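J.: According to Swiss-Prot:
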- CYS53-CYS70: disulfide bond (DISULFID)
- 1-26: signal peptide (SIGNAL)
Amino acid sequence: MNINYFVRIVPVAVVLLVGISGASMAMSLKLPNPAELSGQWRLSLQGKADDACELQLNTEAPQLTGDVACAAKWLHEPPAGWFPTPDGLALTDNQGNRLIHLNRMDEQTYEARLPGGELLILGRFAD
C-alpha cells in the first residue's frame, strides 16, 4: 500500500469517529421539560436530612419559592430560579446566574459537591 493512501484516509476516519461519538453522546442526554421537574423538593447535606430546606420549583415566575434563605447557607445567596440541563439542573440567583449545578442521579435525586467537600442533595418530596 502507498503511504499517500494512509495520509488521505486517516483524517477521514478520525472525523467520522469523532462525529459518531459526539452524536451518540448528544442523543443520550435529553433535556428534561421544566414541567417534569416542577414541584416540591428538599435540599439538604448528605446525612443531615433534619437540616433540610423545602423548595418549590415552578415553571412560571417566581420560578423558585420556599425556604430560599435556608438554601443560601450552602449557596451563599438565596436561589431565585432554576433551569434543567441535559445532565441535571441548575439553581440561579435573581439575575439568572448559575449558583450551583446539581447532577442527575435518578428521576428523584440530584447531587452536587460543595467546595468544602460536603454532598448537597436535592430530592423530590414523596407525595
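Glycine too: its Cβ is placed from the backbone N, Cα and C atoms.
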J.: Indicate the candidate from CYS53, CYS70 with the smallest number of other Cβ atoms within 10 Å of its Cβ, considering only these disulfide-bonded residues.
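T.: Among the disulfide-bonded residues CYS53, CYS70, the lowest count of other Cβ atoms within 10 Å belongs to CYS70.
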J.: Using DSSP and three states only, what is CYS70 (disulfide bond)?
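T.: Going by the DSSP assignment, CYS70 (disulfide bond) falls within a helical segment, counted as helix.
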